[in-house]
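Written out below as structure tokens is the structure these notes cover.
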There are 2 protein chains.
Amino acid sequence: MIHVGVNGYGTIGKRVATAVDAQSDMAVVGVSKRSLDHEAAAAVDRGFKMYTPETGAENATGGCDVPVTGNTEALIAESDVVVDARPAGVGAANASTYTSTDTAVVFQGGEESTVAPASFCARANYEETVGQRSTRVVSCNTTGLARLLSPLNEQFGVESVDCTLIRRGGDPTQSDRGPINDILPDPVTVPSHHASDLQTVLPTIEVMSKGVTVPATLMHLHSLTVRLERAPRTDAVRTCLGDERRVELITSGCGQDSCADLRESAHDRGRPRGDVWENCVWSDSLSVDGRSLSLLQAIHQQADVIPENIDAIRALATDTDAETSRQLTNDALGVGLTSSVA
Amino acid sequence: MIHVGVNGYGTIGKRVATAVDAQSDMAVVGVSKRSLDHEAAAAVDRGFKMYTPETGAENATGGCDVPVTGNTEALIAESDVVVDARPAGVGAANASTYTSTDTAVVFQGGEESTVAPASFCARANYEETVGQRSTRVVSCNTTGLARLLSPLNEQFGVESVDCTLIRRGGDPTQSDRGPINDILPDPVTVPSHHASDLQTVLPTIEVMSKGVTVPATLMHLHSLTVRLERAPRTDAVRTCLGDERRVELITSGCGQDSCADLRESAHDRGRPRGDVWENCVWSDSLSVDGRSLSLLQAIHQQADVIPENIDAIRALATDTDAETSRQLTNDALGVGLTSSVA
């Protein structure tokens, strides 16, 4: 049994805790949160022990009366592996704490790649994290790209990829973020950071990435053109991607023609928080011209890295191989949008 | 056991089916849907039998292979009570079908009040539906107003109410609805239809209602000033509303300062589809000046009428009294935002 602590209980942390709780080979030691708000109250009501930084919790008073078990240092000491889901940049500041207690740690993609000896995507480079004491799960967009390109690279050889990432402005509760009525080059510089980030897990692929942010909160959308070494047949690409449980081919005739429809499907199937863990590739968008493959895929920014965090925990704490871990994670969560009815 | 059919499986129908399924004294006979799309596939995967109109199902081909049990007429004939959740106006067209099979029916607020001998809000006028063969659950906004005003009327006497309804533009999947960057008088005429609709369940209260639609999909928000017969103390109002399980007093210090925060709480607590069944009244917004009470409340347009539909089924099919039915419904669903952890 792997004893897992979750340090940071926001968008990613709360989902990692729920997912760890669903694994038969893992147990949640507790979660750490600064603000004892409605999210902390719900966590305790779910049965998670609540820890807070030694500096004390903000909003400890007010309407929410949340029982606290101990401080974050205690949580780290009691855990075999800690998933650090604190805000971007804060994780690196915690690094020494993990080292001092010799606790293995999974950082998130908001940190610089130098925060850990390896960056991680379960389908691309699981093995590079085995035997390490820390790793970094790449960001939601990079995870979505790596998951798609890894099987294509194995079967057809990927020479280069050109992707435009149409990015959501913020998550649903981030009401204070923009844009509210604009389309922003984000960043204005080209390539965006996604190109170099993707190369931390798939170093051999040449990448051009451009980011544009729009007024949306549901999902990101990727417009991709992939240059392959061997010209594929379109149905061979469909078969290649269809074999991936973390890639969902969205077929026509089912009315899933928008990001909102994809989230609605997840809600209807009883997914926790209506999460879509899979890359959603619109099957009708697959277009092959010689060695060029073009497609559109949607990525749920709050959810696609969650299975990756679970696999990263196993890579750090056990000798489970990549395929076995991915299958354990997929089966425990119900990955595969058409196979996950509550 | 009450055998319930659900005719129409959209925003309301799918939620009613899930809620009926959670009641120990009710069973879902099946659901009827025109389009055999991803929502129909999820319904069948959940274990609901699928029926379609005799005119045949749209999109019966395509990616979704959904097994059909029979036609809608068969579903109606096999049901003790049918909840008609077809689009506004279509329900009335079905009325003769229900009469011919002597099946009791619950219509939705999109229909004219003349569609049934009674309109229904479980807290306001449950008794008027007892002994009838059909009733009409008033719309989400009217339900939210009636739930709030009924206890206030009993305790302090409500003379009149002036409400501005800041309405969401559409539900999350209605990507083709506006407004996208505007604030619309909706309708331009004053009072809006909500005033007369509220009087179908609370006829003694004088109402002024004005509607304004904004670019949002999460919830409606009501700005209310209620003229009472007896000047209350603010804490007496809090106690009065706090005693209502379908009214949630949102206290400060818990970080629930937006509609998105309220939906996030529902997601964190494992609510199906992240639904908020309760009126959410911001406690800090309660303001009393003599006999005038002002407040702000949020209403989840997809969810607040669901417990009312369950109570309406009992009112039509049994001799259960209002308070008993409300408690059975509340307990089965876990109504009360702080008492519904999955």
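Each Cβ is built from the backbone N, Cα and C atoms, and glycine gets one as well.
For A:C140, the entry in TrEMBL reads active site, nucleophile. Counting every protein chain shown, 24 other Cβ atoms lie within 10 Å of the Cβ of A:C140 (active site, nucleophile).
Here TrEMBL flags A:T11, A:I12, A:G110, A:R168, A:Q301 as NAD(+) binding site. For the recorded site, A:R168 (NAD(+) binding site), the DSSP three-state label reads strand.
If you look up TrEMBL, you'll see A:S139, A:C140, A:N141, A:H194, A:A195 marked as D-glyceraldehyde 3-phosphate binding site. When secondary structure is read from DSSP and collapsed to three states, A:S139 (D-glyceraldehyde 3-phosphate binding site) falls in the coil class.
Here TrEMBL flags A:2-140 as domain 'Glyceraldehyde 3-phosphate dehydrogenase NAD(P) binding'.
Considering only the binding-site residues A:T11, A:I12, A:R168, A:Q301, the residues lying within 10 A of A:S139 (D-glyceraldehyde 3-phosphate binding site) on a C-alpha to C-alpha basis are A:Q301. Apart from the site residues A:T11, A:I12, A:G110, A:R168, A:Q301, the chain places the Cβ of A:S139, A:C140, A:D171, A:Q302 no farther than 8 Å from the centroid of the site's Cβ atoms, the recorded NAD(+) location. In this entry, D-glyceraldehyde 3-phosphate is bound by A:S139, A:C140, A:N141, A:H194, A:A195, whose most widely separated C-alpha atoms sit 13 angstrom apart.
DSSP assigns A:G110 (NAD(+) binding site) to coil in the three-state reduction, placing it in neither a helix nor a strand. The Cβ of A:A195 has fewer other Cβ atoms within 10 Å than any other of the binding-site residues A:I12, A:A195. A 10 Å cutoff on Cβ-Cβ distances gives A:G110 (NAD(+) binding site) a total of 18 other Cβ atoms nearby, all chains included.
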